[in-house]
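*Asks:* Here's a structure for you.
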Ligand SMILES: Nc1ncnc2c1ncn2[C@@H]1O[C@H](COP(=O)(O)OP(=O)(O)OP(=O)(O)O)[C@@H](O)[C@H]1O
């Protein structure tokens, strides 16, 4: 068998990242492969925070290349700094050169260089480690809260496997319009909305293979006529799959919000989502604790799932906490009825939702370059 760079890359595609369960080539971690006369030289670039998996990865790489019978394999590691780490290195004096040397092209660098949505100021992804924790509910209510505060807001159903936005925003009976090859977004509750749900038949199972998922997501994001937006919220599918990877390479993000319920099992999955965003070089804007507590008819607050669990998880992982949303029957009913505006007529719930949005805009203002000031202020 002829050995060349392509053959080495093929073998490296069998090496999986232990956290993300995807291969290191697809994750863009293999930043250099050189081969000559039986000697292979491989460079793997990791986020600094993943330095601990270096030995394990090296072992897996050597194992994967064994069947090529190479005379010698050199594996070296480089580390990618987050934007905050690069700034800190520069501020510490003399660190810039080192930071530049270490900074490889991350998926977000690629997205920043070719931003297909320059009229959108801040793209915010909303993700969760697992389904059913209220990711779509939080996405919708954040979008409406931001719009009620005067911002121009769009929301996109990136949950291409199980779109909930048509029901939650009441667009399910509406017909999608296009002009030329551009989708005209619905305008509901003060928010521009686009969803894969409008492009496929109801009740049809949505099965996408990797490249199809990539194409559907890309088309929805870039072929919607968003106009000027302050915020574009993207409701991601649950877990750590193809879509976040596509997103990280496609759009420069202000960051990601991770939704989590308080239970320990939900926290473990949310930590996986945090790690995924970190590895894709996506800034974490914060964690939202959904279904935090329940207020009974007796007015007593019941901590059904262990209120505060997600906040503690956020603290332990050094990421901001954006606030708690209670279990609320009205919230569920309004979601089913496609009427999120009604959530803001309940003073306690409305206040909680507005507070989460306020903290989010604060984190966004901290996340970007200095000229990225948020265009609204929520009091
Ligand atoms: N705080 C809450 N109080 C009451 N009901 C809620 C709350 N949050 C979510 N729900 C309800 O829970 C169900 C699941 O919520 P949602 O669809 O937002 O979850 P999800 O994490 O997006 O799920 P998936 O990713 O599997 O689509 C919905 O019926 C929603 O109305």
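Our numbering is plain: 1 for the first residue shown, then up by one each step along the chain.
A Cβ is built for glycine as well, from the same backbone N, Cα and C atoms used for every other residue.
From TrEMBL, here are the annotated features:
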type    : residues                               : note
DOMAIN  : 5-76                                   : domain 'MIP18 family-like'
REGION  : 88-114                                 : region 'Disordered'
BINDING : 129, 130, 131, 132, 133, 134, 135, 136 : ATP binding site
*Asks:* Give the subset of the binding-site residues 130, 132, 135 lying near ligand 1, defined as CB under 6 A from any of its atoms.
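*Replies:* Once distances to ligand 1 are taken from each Cβ, 132, 135 fall under 6 Å.
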*Asks:* Note the Cβ centroid of 129, 130, 131, 132, 133, 134, 135, 136, the recorded ATP site, then list each other residue of that chain whose Cβ lies within 8 Å of it, in sequence.
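*Replies:* Going along the sequence, the neighbours appear as 128, 238, 259, 261.
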*Asks:* Tell me, what is the mean pLDDT of the domain 'MIP18 family-like' (5-76)?
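*Replies:* Across the domain 'MIP18 family-like' (5-76), the average pLDDT comes out at 86.
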*Asks:* Are there any residues in the same chain, six or more apart in sequence, whose C-beta is under 8 angstroms from the C-beta of residue 131 (ATP binding site), and if so which?
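*Replies:* Within the chain, residue 131 (ATP binding site) has Cβ neighbours under 8 Å at 162, 238, 239.
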*Asks:* What three-state class does DSSP give residue 135 (ATP binding site)?
*Replies:* helix
*Asks:* Among the binding-site residues 129, 132, 134, which residue has its Cβ surrounded by the fewest other Cβ atoms within 10 Å?
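*Replies:* Checked 129, 132, 134; of these binding-site residues, fewest Cβ neighbours within 10 Å: 132.
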*Asks:* Which Cβ among the binding-site residues (130, 135) has the fewest C-beta neighbours inside 10 Å?
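*Replies:* Checked 130, 135; of these binding-site residues, fewest Cβ neighbours within 10 Å: 130.
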*Asks:* Identify, in sequence order, the residues in the chain of residue 133 (ATP binding site) that are 6 or more apart from it along the sequence and have a CB within less than 8 Å of its CB; answer 'none' if there are none.
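*Replies:* Non-local contacts for residue 133 (ATP binding site): 238, 259, 260, 261, 266, 290, 291.
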